[in-house]
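Peer 1: This structure is in structure tokens; I'll ask about it shortly.
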Amino acid sequence: MEPAEEQDAGNHTLLTEFILSGLPSSPELQHLLFFSICFIYSLTLIGNLLICMVTVHPTLHTPMYFFLRVLSFLDISTASVVVPKMLVTILSEDRSISYLGCVTQLYCVVFLAATEWYLLAAMAYDRYVAVCRPLRYPAIMSTRACLSLLLLSCCSGKVVSVVQTAWVFSLSLCGPRRINYFFCDIPPLVLLSCADTRRYERQLISATVLVICTPFCLILLSYSCIISSILRLSSAESRHKAFSTCSSHLTVVTLYCASGTLIYLQPKSSGSQEAKKILALIYTTVIPTLNPLIYSLRNKEVKEVLIKGM
């Protein structure tokens, strides 16, 4: 991919960098915003690294904890691709990002987000088999099956990221080099194009349905079967515990789905860019912080390993 050309007073020059506008904030609140995001990022790293270390314990060598470990790694990676550069743009006067840096950041964000969605669907399937097919669980969710699901998630994420990144940077980016966002993402980059992007927008909607909506529907289907099985449990305490876990998982998944679809279904909706920044902040910084708490740290087995290790 060659750098797009920028038109300036009739002259064509190579577009070698972009300027990130960052998050909306008044000057007096910039330091507060900086330290708030630093705090959230620290929680993300600590919480997810803790899960990565705890789930290698011999008593936690099950498919569920294998997927949780991968999910934590993806959350760390997503936050690390976005947050450090965002922190620089908050305090520094130099808000530039190179053309190659922008391409790399977009590729990584799309790859990690798409892979995580497919992984969440695999995790929901794992829970479905555990609850609804307990006798066949060891045979269905074998080590080979788990690795195959992970490989399929990663390969699917790679295909999506390659296609989307190639599409975006094949557009004629003849607008101003200022990106009204805090990282290189599809919607603000599409706004820089002076060409007709309707064909690309239709393709992006299809990709959004494939990457977000389809796994979300599979997750809902899995949890519908799980809830149906839970309702047949005789113990009220068991039903309460199972419902609590399911509701926590579905809350995070729904939040992730809502933010993703609202951002990518209308990529050229310039009037809602500020709202999209907030939504993007949720799925790149807030949700990676919540995942360890929702998926793991409330888990009795994980807490027992943590207590024994202290």
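Using the three backbone atoms N, Cα and C, a Cβ is placed for every residue, glycine included.
Pasting the feature list from TrEMBL:
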- 32-54: transmembrane segment (TRANSMEM)
- 47-295: domain 'G-protein coupled receptors family 1 profile' (DOMAIN)
- 66-91: transmembrane segment (TRANSMEM)
- 97-125: transmembrane segment (TRANSMEM)
- 146-167: transmembrane segment (TRANSMEM)
- 207-230: transmembrane segment (TRANSMEM)
- 242-266: transmembrane segment (TRANSMEM)
- 278-297: transmembrane segment (TRANSMEM)
Peer 1: Go through the chain and flag residues at least 6 beyond the ends of the transmembrane segment (32-54) whose CB is under 8 A from any CB in it; none is fine as an answer.
Peer 2: 23, 25, 60, 68-69, 72-73, 75-76, 79, 83, 86-87, 90-91, 285-286, 288-289, 291-293, 295-297, 302, 305-306, 309
Peer 1: Take the C-beta pairs under 8 A between the transmembrane segment (207-230) and each of 66-91, 97-125, 146-167, 278-297. Which stretch has the highest count?
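Peer 2: Stretch with the highest Cβ contact count: 97-125.
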Peer 1: If you average pLDDT over the domain 'G-protein coupled receptors family 1 profile' (47-295), what do you get?
Peer 2: 85
Peer 1: Which range wins on Cβ pairs under 8 Å with the transmembrane segment (97-125): 66-91, 146-167, 278-297?
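Peer 2: Most contacts with the transmembrane segment (97-125): 146-167.
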